[in-house]
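Under the heading transmembrane segment, TrEMBL lists 310-332, 376-403, 409-431, 451-471, 483-505, 533-559, 565-588, 600-620, 640-666.
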Amino acid sequence: MDGPDAVSAKKFGIWGYPMAPFSISLRSSCFILFALLILGPSYAFYLPGSYMHTYSQGETITVKVNSLTSFETELPFSYYSLPYCQPQDGIKKSAENLGELLMGDQIDNSPYQFHVNVNESFYLCTTNPLNEREVKLLKQRTRDLYQVNMILDNLPVRRFTEQNGATFQWTGFPVGYTPSGSSEDYIINHLKFKVLVHEYEGSRVEIIGTGEEGMGVISETEKQKMSGYEIVGFEVVPCSVKRDPEAMSKLNMYSKVGPVDCPLELEKSQAIREQEKISFTYEVVFVKSDVRWPSRWDAYLKMEGARVHWFSIMNSLMVIFFLAGIVFVIFLRTVRRDLTRYEELDKESQAQMNEELSGWKLVVGDVFREPTNSKLLCVMVGDGVQITGMAVVTIVFAALGFMSPASRGMLLTGMIILYLFLGIAAGYVGVRLWRTIKGGSEGWRPVSWSIACFFPGIAFVILCILNFILWGSSSTGALPISLFFVLLSLWFCISVPLTLLGGFLGTRADHIQFPVRTNQIPREIPARKYPSWLLVLGAGTLPFGTLFIELFFILSSIWLGRFYYVFGFLLIVLLLLVTVCAEVSVILTYMHLCVEDWQWWWKAFFASGSVAIYVFLYSINYLVFQLRSLSGPVSAMLYLGYSLIMAVAIMLSTGTIGFLTSFYFVHYLFSSVKID
């Protein structure tokens, strides 16, 4: 097998699996879902997604083009950065939401036009003789395995390859290919499109939809108007065909030409050379399909590896039951036994027992002593609440089917909006914890400001550095200056005021009363053979064990362009992760108190938050072993930068879960003690 399909299959065969779905842009679906529901033959209700469009016989439809993407570099570039044919009425950018801009999508119109249910073959244009710069650029994009991404009626184009008897599915097609054993590069200049259509009868169907095309309810009078053809599939076979440039130059755009078979001989393929003129043509065939419009995304969203997901969940459940058994022993056997025995003694016996106390009961006068860097702890807990709330709400909505792949960027846009408005919860929790530690509201404004700026500031600095790198590479992944001002406006006009409002509400809420008094002189902590931080760092391996299998699928979605569709599994894993973080932190806190170590605050935070270290190390492992073809320091810096942001967010979220659980545990434990 030779040609573009052979090159792609050989290059990516180690990552691909039969019918593996791939997305159309970098980071384009870390997290994407489309829930489609058919209730019966007479009525259909479509969950939020793209508004169905029907086309009449012969109606003109236009293909859109997205950014060129590559798994080699992870740097997206504009489609028209290469010498492709341009539309007669000029290049027009499609309206893009915040999520699309952040993901580096750049959707433009294209000269490729079809007439519904009409099989045709057209000539587009012939380029001027290629100069040295254009040849160098085409060869570089070809050897970096850049893919051309096209969209028709919100469906990305698919192509199929076969290798060793297995069928592989890809989105997009390569810019060109380099046959094995050849020094020449060949450009894809002829496209054989196949559009799958379903004949639609407009009666007896009621549709409610939201998405890129807005919201609409189709009334009875409009139903008949909707009769026509629905587009349910979009496929392409890319070819390289050498044409006579002089003869082709005499044709006009959209002049009809005869259909061709993809040549297997390299002599009949179009090589990329200086002073070479390249003619672009395409043909389209419409094929009727039994696939209905609500099911058209099923081909892209096939779930692979369900057994692996269930194995991950069962593994996590075993860890949870093991930790739950330890917690059960701590609460019901050790703590309850000590408290019951203590309460049954008379006052004289209690006084005598107080002199013989050991373990956690000895630190009763220090357990609620203010920790070092208490302001930073409050800030990190506040940001952790904000990130955790955003993650939980987003995943729940995605699992219920409110995230559509037809609405590109919807997931990321929703996450940003949720994060902004959850600033009120972050400010409330952070300031209330500050008041609890300090015993008053003094200094709550700086705490609120710090909460509003801590994590966004870290992410903003990293993104600025990465953006300068992308600007230097002329990538469409670089954020325009205008978008920076939009992000800053959202940050300081919505997030910061809401965080300050949450902090103000936190000052009005009752601060949590400590059940025991704190001694004026701190108790000396006994020397230990090994540093306590080793135990804290080691504890992060347990939450990581519940997460790492799902993390592989998420990283594959982000960096290998696969659609991530299993939000139900992700929701289960999230709940298991929360449970493990809480149990690990409680157990570690109890162990520290038992050895008379009353400095538990930060250790409770990092007992579960240390999972971020293992997530970042796993990301590096993924870069080394799974992204081996990633080329150049720029691509590696982009990967590590985004991985660092993810690791910091995970640390704040899991650390907050562990700390708040431990705080409740310690408060409950010592509220049962009656020692003066």
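Including glycine, each Cβ sits where the backbone N, Cα and C put it.
Through the fold, the transmembrane segment (640-666) approaches residues 27, 367-368, 377, 380-381, 383-385, 387-388, 391, 455, 458-459, 462-463, 465-466, 543, 558, 577-578, 581-582, 584-586, 588-590, 593, 600-601, 604-613, 615-616, 619-620, 623 of its own chain, all at least 6 residues removed from its boundaries and within a Cβ separation under 8 Å. Stretch with the largest number of CB pairs closer than 8 A to the transmembrane segment (565-588), among 376-403, 483-505, 533-559, 600-620: 533-559. Across the candidate stretches 376-403, 409-431, 451-471, 533-559, 600-620, the maximum count of CB pairs under 8 A to the transmembrane segment (483-505) is reached by 409-431.
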